[in-house]
């Protein structure tokens, strides 16, 4: 995994020219004034403090969701709740720009060996991850403790390779809003940034063990419209069972502010992806 964790703008913008002394002083004074009014979530695992939502966003959270969710459960093992949108249209761009500029992103990189040949893989998207499985939690000082006993984790249970990071308040506000709207509980937050239509994620299911049995996954979309594709997992043939019900692929054209909740048996039986897209404005 790539170790560099910076705001997404730092990966794409060229360094700014050094301002003149008078300009530098003015900008420093302005920055101090702004930071004096801002609040931040801090943790040792963060590369930098992550700010709270500004009042213009946080004051609107009680109005979420913007629409009533539409149930989609007309195929085998499928249980979706589709909000078009969840975040109001007048606010979605501001939320997108805030998260894009304030969260620490990195590109996951790894090596694979095929036929004795090592290949370095760079995943086609930028990522940031927060949260813990249901067996653990963070205490007031930011240490990982057992969720039941409240004791610090034993050495063999510690997350030594990739220390977990608590969900910052800006994302936690969205988590609490989503829990209230859906009746589901969430303990983990993954944010993917697709820099262009060439960025994508292949078919997969979010059924990792740490998410618990039959997990609920709330997928928000911000920025450009992207297709959200779904298809049923292949069902192995069984001579002693009746043929499985026929299923059809699904395409949801997620606009900025939309959210699709996948719950029940969906993750165990369906795959989803965001394919590459041609044209402009694909982020």
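Just so it is clear, glycine is given a Cβ too, placed from its N, Cα and C backbone atoms.
Feature annotations, courtesy of TrEMBL:
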REGION    1-29  region 'Disordered'
DOMAIN    185-283  domain 'Fe2OG dioxygenase'
BINDING   192, 194, 204, 272  2-oxoglutarate binding site
BINDING   207  substrate binding site
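Secondary structure at residue 207 (substrate binding site), taken from DSSP and collapsed to helix, strand or coil, is coil.
DSSP places the residues of the domain 'Fe2OG dioxygenase' (185-283) in helix, strand and coil in these numbers: 7 helix, 35 strand, 57 coil. Ranked by Cα separation from residue 207 (substrate binding site), the binding-site residues 192, 194, 272 are led by 272. Ranking the binding-site residues 194, 207 by how many Cβ atoms sit within 10 Å of each one's Cβ puts 194 at the top.
The Cβ of residue 272 (2-oxoglutarate binding site) has 22 other Cβ atoms within 10 Å, all protein chains considered.
Residue with the densest Cβ environment among the binding-site residues 192, 204: 192, by other Cβ atoms within 10 Å.
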